[in-house]
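Listed in TrEMBL for this protein:
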type: DISULFID; residues: CYS57-CYS121; note: disulfide bond
type: DISULFID; residues: CYS70-CYS131; note: disulfide bond
type: DISULFID; residues: CYS101-CYS111; note: disulfide bond
type: DISULFID; residues: CYS230-CYS240; note: disulfide bond
type: DISULFID; residues: CYS367-CYS377; note: disulfide bond
type: DISULFID; residues: CYS490-CYS500; note: disulfide bond
type: DOMAIN; residues: 32-132; note: domain 'SRCR'
type: DOMAIN; residues: 152-266; note: domain 'SRCR'
type: DOMAIN; residues: 298-408; note: domain 'SRCR'
type: DOMAIN; residues: 418-526; note: domain 'SRCR'
type: SIGNAL; residues: 1-18; note: signal peptide
Amino acid sequence: MEIFIISVLLTINVFNNAQEVVPEDRNNTVLIRLQGGDKPNEGRVEIFHGDSWGTVCDDGWNINGASVVCRMLGYEGALEYIHSGKFGPGEGPIWLDEVSCTGDENNIVECSSQDWGNHDCSHHEDAGVKCNPRKIPGFHLYNQVVQGVDIIRLKAPKGHRHTVPQYHGFVEIFHQDKWHKVCSTSWNQQTANVICGQLGFPAAEKIRNKKTYLSRSKRRHHYWLTNVTCSGVETELSQCRFDTFDISGLTLSECKDGEPLVLQCFVTSLNNHGKNRGRKYKKGRQRKLHQMQVPGTIRLKAGSSMGEGRLEVKRNGRWGTVCHRGFNLLAANVACKELGFGTAKRELRNSFFGKGHGPIWLTNVRCTGNETRLADCLHDLLPNSVNSYEDISSEVCSHHEDIGVSCHMPQLNIQSRVRIVGGRNPMEGRIEVKMRKKWGPVCSDDWTAKEAMVACRQLGLGFALHALKEVYFFPGSVNATNIMMTGLKCSGNEMALHMCKHDGKNLSVCGAHSRSLTPFAGVICTELTPDLIQDIPLLQQSIHIDDQPLHNLYCAAEENCLAPSASKLNWPYGSRRLLRFSTRVWNRGRADFRPARSQDQWIWHQCHGHYHSMAEFTHYDILDLNFTEVAEGHKASFCLEDSQCDPDVSPRFDCDQPGGGVQGIAVGCSDNYQYNIDCQWIDISDVKRGNYLIRYPS
């Protein structure tokens, strides 16, 4: 293979005592780098052209282009091509669009594309890559753009057990293909907080037994940074002031006025998902993890990974969004730490995670970076009425301006215990897990959308598009045919499958109730997904009790919309008591909602004269004050269509078209059902008089 070597001349510019590596373009050679990733081999693709860095649009982006980029950076090809700005939106120009490579090119500019800067994209469409971590033999770091101080870790010293997540140890920086320690001169608590924040923890704490670290440590090490000084509001170490050692030679250096920097980070219940919980030290002392009480007034929604999403706050008992006006990285930092995560990677503007629904509570949020809660920052309240059941926005802001954040998360190594195999592309295939040091498939008896959602999240592939209970068309790995996980039950919020309930070592019989020869679980994942949101004020304002004679309910009985006791009555005599309400379900995600069944699988119901595209669309329960279910109801998919849309959105799904129409809910539209429609109720005929709760999807 002919290897193209990038010629780079490095010049050093010093700002605030920090060194920024700036490549000079020589002989018109294109320069390239990866930004926004958690590892050196992944990130948003950026190209240096003219006098600035810019991004690549994902139109036409595929594995061939990703492989070219990865080989330019010294890696043996690409594992995955990334689209839709997964590594965050870039800044500056979008240099290339419609990039089309064969995969054999030595340089991305050899691929066909639009002219430099000619595009019809936004930074929400920035392309990225995940490269094979194996390096091309003979490829040296000086052939590519040198990384800064973006890749850091805590390294446990000899004699200390490695933990997941690793919350204590020597601070090390990855630079020029090697890990380097940090000299502790000028170190302060603010610096420790910034480093822990970049590692995914909210703060640093006093380290225990520091002497045991240093007593086993050599005096001379591979140092790179010294005199690191942070103010405490930085999101990453690269934003602090620091000096560097000369590492042009291979000799070890000495930290004359200090020692190797050692830190211990504050572990919360949110980032303590590792396998070390309850693990004892050699001396027998149990490590008690700190717990942070996360307030219930702030949350992230619609993110494909833990620690990212649209920012929402709760006021007057109702969730609403935050306008991006005035919101910056300092405010994102405060929000991330309040949620129990590390510092902010970035703030994402212009409803990057989809438009929210309901009130926009805050705008012009102004933080210094030292606040512990977002509510402590200066902000303006928007005069939204919580009584209107229409989609609320304000004259000042609209839901097009909803802010999102992406927070640093600790490395939990959860991807090392799951893999997806046999698919036609990296987003689909059979799920295999590693249990007791062996790989094998997951039994599909209990496999639902919730388990599939957790699997895609653990794999870093976004959301689950389909949960597959039969995967004979996806071949498994060699020597991985024995089922390793049965009885799997997930809530859908877990970060990994092994965090869900399952049978453990006592595996149950798999496939006992099916005829399948391969009852193995599989998934099809997607980066973009719909986000269905119930219009709660409309439900609350329209709910009422209605008594109906049985002779009006024959169609409803046929479609199982009545309580089981109705079948025992002497039809058509008698009546049923119904709790009626209207519903409006908005799609505020980034992809259209479509029924899982294909149109040829829809079921025709003669009584109501329509097709059912799914057995059940939403489910409602009546609970007593002990949270025990006393009645239930469901909304059948009589017709999913765009009943109402935002002013800038045109409806696309219509049930009145021939053949049952095209069912679904487009982004920015809602499916509306009025309370006077059949089955738009819960049958409460058997519920005694009293006070109850209604549970609905939200």
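Positions of Cβ are set from backbone N, Cα and C atoms, glycine also.
Summarising model confidence by region, the domain 'SRCR' (32-132) averages a pLDDT of 88. Counting neighbouring Cβ atoms within 10 Å of each of the disulfide-bonded residues (CYS70, CYS111, CYS240), the lowest count belongs to CYS111. Assigned with DSSP, the residues of the domain 'SRCR' (298-408) fall into helix, strand and coil as follows: 16 helix, 39 strand, 56 coil. Of all the disulfide-bonded residues listed (CYS131, CYS490), CYS490 has the fewest other CB atoms within 10 A of its CB. Nearest neighbour of CYS490 (disulfide bond) by Cα distance, taken over the disulfide-bonded residues CYS111, CYS121, CYS131, CYS230, CYS367: CYS131. On a Cα basis, CYS131 (disulfide bond) lies 24 Å away from CYS121 (disulfide bond). Around the Cβ of CYS500 (disulfide bond), the same chain contributes GLU451, VAL454, LEU488, LYS489, CYS490, SER491, GLU494, each under 8 angstroms and 6 or more positions distant in sequence. Every protein chain shown contributes to the tally, and the Cβ of CYS57 (disulfide bond) ends up with 23 other Cβ atoms within 10 Å.
Candidate disulfide-bonded residues: CYS111, CYS230, CYS240, CYS367, CYS377. Nearest to CYS131 (disulfide bond) by Cα distance: CYS111. Per-class residue totals from DSSP over the domain 'SRCR' (32-132), listed helix then strand then coil: 16 helix, 34 strand, 51 coil.
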